[in-house]
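Engineer: Pulled these from TrEMBL:
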ACT_SITE  K111  active site, proton donor
BINDING   K75, Q96, K99, G150, S387  substrate binding site
BINDING   T194, N227  NAD(+) binding site
SITE      D151  site 'Important for catalysis'
Amino acid sequence: MVLPTEPEFEQAVHEITSTLAPFFAKHPEYKNALEIIQIPERVIQFRVIWDNDKGEVQVNRGYRVQFNSALGPYKGGLRLHPTVNLSILKFLGFEQTFKNALTGLNMGGGKGGADFDPKGKSDNEIRKFCYAFMAELSRHIGQDTDVPAGDIGVGGREVAYLFGAYKKIKNEFSGILTGKGATFGGSHIRPEATGYGLIYYVSNMLPATPSLKSFEKARVLISGSGNVAQYTALKLITLGATVLSLSDSNGTLLLANDKDEAGFSADDVHAIAKLKLARGSLATFVSSTSHHNDNSGSKFVWHEGKRPWTLLASVDIALPCATQNELDGQDAKALVAAGAKVVAEGSNMGCTLDAIEVFEHSRKEGGPSPTWYAPGKASNCGGVAVSGLEMAQNSARLQWSPAEVDAKLQLIMKNAYQACYETGLEYGNAEKNERVLPSLVVGANISGFIKVADAMRAQGEWW
């Protein structure tokens, strides 16, 4: 049977399957589970008709991929972006299945969205689209069936509109979305969760990392400038790290004097957050912080059309926090040459397969300063973890304090790291050399796969 080409989804499946061989060598019966897991339980596609402020009829393609419910209700974000298609949503839903398993919470995997572009749209147009989108989506979700959240293009405003639409359609107030406002069932720490969780995961890596034991004065490259990148930067700043970059689709904002140990300040990040909320470009931030017309007095320099990975000769940590495949093989070689000790994904599948191979080669080589790579399904699971905590709070009709949620998030990220480390040590360290760090990508893939496969077998989906 010839299937349509779905490059992002095929890449995600290959990234998982290419690491399972050591496990299958000991447990060949699990190969049956892999054949089943890589096919979504249900794919829903529908049209979304709405009218713009000129009264013109518009139509978009809407989707929900309900990938796997072995561990709980389908859970995963909604993405609004012109590039949204089934390949991307299937890859995200597939990844989400294993990511959710690593949190230890009862959540299955799913993903959805539409090829609608919120950029340049008025609040009224976005509200109309959200109500039209939910008119169909509401047929397929529920607090015990499928609980979407936000993703690219879907922030607090969009979640609120979607929630309001569902409440009106169904005449019920229930926890069918996460990422809600704190006044109507949302959880504290949810906006910060992916960025904070990324840093909590990396903080567990550092004690085992040769030549880098803490964030203090660590030189960190970050890509992206949205929610994940912002809170990643803010948490790093509080821990004494030097944040060297942020970026957007147009280029990279780099610290002009990369020897400046202060790096980006919290005020800088808050100003950038305000700029991005107004849908501004980071390129304008250089002139806004300059004391001279020629920008020579700016704390930053703008690199048009470039990503941050090749721009500096000395780096300790690299954190891709923008989108999929944002760091390729050449970027990876540049980071290894620059001395990067840790690369951890804040984005979903931020590194290409070529990049992962470069990082894994560096890890296997060992030595005083190898590059240790953490895949997004583990290192960025903090966002969905707090979404799971929001679901728990909704079910109990209560709200935990920020400190309570943050403590639970730290424990979830610690447990996720330990599962990846221990499984990677068992199956992913073919060198059997105690001086070589275990493969966290092998550990994440196998430990997540085992949890999902065992639940499916117990429910009679394979035998």
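A Cβ is built for glycine as well, from the same backbone N, Cα and C atoms used for every other residue.
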Engineer: Among K75, Q96, K99, G150, S387, listed as contacts of substrate, what is the widest Cα spread in Å, to the nearest whole number?
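Structural biologist: Between the most distant Cα atoms of the substrate site, 16 Å.
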Engineer: Take the Cβ of D151 (site 'Important for catalysis') and count every other Cβ within 10 Å, whichever protein chain it belongs to.
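Structural biologist: Other Cβ atoms within 10 Å of D151 (site 'Important for catalysis'): 23.
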Engineer: Tell me the Cα distance separating K99 (substrate binding site) from N227 (NAD(+) binding site), rounded to the nearest angstrom.
Structural biologist: 19
Engineer: In Å, rounded, how far does the Cα of S387 (substrate binding site) sit from the Cα of D151 (site 'Important for catalysis')?
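Structural biologist: Answer for this pair: 12 Å between alpha carbons.
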Engineer: Residues near the substrate site, K75, Q96, K99, G150, S387 excluded, by Cβ within 8 Å of the Cβ center?
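Structural biologist: These residues sit around the substrate site: G76, G77, N100, M107, G109, G110, A149, T178, G383, V384.
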Engineer: Please list residues from the chain of G150 (substrate binding site) whose Cβ is under 8 angstroms from its Cβ, counting only those at least six apart in sequence.
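Structural biologist: Set apart from G150 (substrate binding site) by at least 6 residues yet with Cβ under 8 Å, we have G77, L78, G156, E158, V159, G179.
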Engineer: Taking only same-chain residues 6+ apart in sequence, whose CB is under 8 Å from that of Q96 (substrate binding site), what do you get?
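Structural biologist: F67, K75, G76, G109, G110, K111, V384 - these are the non-local Cβ neighbours of Q96 (substrate binding site), listed in sequence order.
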Engineer: About how far apart, in whole Å, are the alpha carbons (Cα) of D151 (site 'Important for catalysis') and T194 (NAD(+) binding site)?
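Structural biologist: With the alpha carbons as reference points, the distance is 11 Å.
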Engineer: Between K99 (substrate binding site) and T194 (NAD(+) binding site), what is the CA-CA distance rounded to a whole number of Å?
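Structural biologist: Roughly 12 Å, rounded to the nearest whole number.
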